[in-house]
Amino acid sequence: SLYFILSLWAGLVGTGFSVLIRLELSAPGSVLGDFQLYNLIVTTHGLVMIFFLVMPMMMGGFGNWLVPMMLSLPDMGFPRLNNVSFWVLPISMGLLFCSAFSEGGFGGGWTLYPPLSSVMGHSGPAMDFLILSLHIGGASSIMASINFYSTWGNMRAGCHQFYRVPLFCTSIGVTSFLLILAMPVLAGALTMLLTDRNFNTS
């Protein structure tokens, strides 16, 4: 339920950003009057919708409601890990908004590609806040994925052989496996970007 509440709130925030984007594109010239602000809105819209609407709702919300029910379980395999993986998400979202209010925010697009995400493109702390936000969000995804994968793989009832497990549970298990593989790569790339910005690595 908490995942659904957070993702609903994030969806409203992201929709507000989407309205501002469409307002800016509705007429020739600049409606907002600030191109950096427009780039910031586009960037924040993309990150909010992916990391705080789609992932918490589809994996956290529907997964936590339906996987134990479909596998005839009282709860997920690691309930406390589940709790931690949710409660770091509001912290991650708070850091994302700290980034938006730090020295004009980061307006380099939600893909965070250099050179706009380098220290030459955005020299202030906004990008560093964003990197920390995505690190914490990635840690949340890894924790939730470990929980889902171990629940799906190890806690099936005796009658649930793999070929009899509901397809939704299998899709959550496969997605969890892919997230466990992908999120450390994202974390590594973000760490390299952080050291490029602050410690003059290349």
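Cβ atoms are placed via backbone N, Cα and C, with glycine included.
The domain 'Cytochrome oxidase subunit I profile' annotation in TrEMBL covers 1-202.
Residues or ranges marked as transmembrane segment in TrEMBL: 6-25 (among others). Within its own chain, the transmembrane segment (6-25) has Cβ neighbours under 8 Å at 31-32, 38, 41-42, 44-45, 48-49, 52-54, 56-57, 60-61, 86, 89-90, 93, counting only residues six or more beyond its boundaries.
The annotation transmembrane segment is assigned in TrEMBL to 37-67 (among others).
Away from its own ends, the transmembrane segment (87-108) comes close to residues 6, 10, 36-40, 42-44, 47-48, 51-52, 56, 116-117, 121-122, 124-127, 129-130, 132-134, 136-137, 139-140, 143 of its chain (Cβ-Cβ under 8 Å, at least six residues beyond either end). Annotation comment: TrEMBL describes 87-108 (among others) as transmembrane segment.
Annotation comment: TrEMBL describes 129-152 (among others) as transmembrane segment. With a cut-off of 8 Å between Cβ atoms, the residues of this chain six or more beyond the transmembrane segment (129-152) that come close are 47, 51-52, 55, 59-60, 63, 67-68, 71, 73, 76-78, 81-82, 84-86, 88-89, 91-93, 95-96, 98-99, 102, 106, 112, 165, 169-170, 172-173, 175-177, 179-180, 183-184, 186-187, 190-191, 193-194.
TrEMBL lists 172-194 (among others) with the feature transmembrane segment. Sequence-remote contacts of a segment are chain residues at least 6 beyond its ends whose Cβ falls under 8 Å from one of its Cβ atoms, and for the transmembrane segment (172-194) they are 59, 63, 67, 112, 114, 117-118, 127-128, 131, 134-135, 138-139, 141-142, 144-146, 148-149, 152-153, 201.
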Folded-back contacts onto the transmembrane segment (37-67), same chain, C-beta under 8 angstroms, at least six residues removed: 1, 3-4, 6-8, 10-11, 13-14, 17-18, 20-21, 24, 30, 73, 76, 82, 85-86, 89, 92-93, 96, 100, 104-110, 130, 134, 137, 141, 144-145, 148, 151-152, 168-169, 172, 175-176, 179
Confidence summary (mean pLDDT) of the domain 'Cytochrome oxidase subunit I profile' (1-202): 93
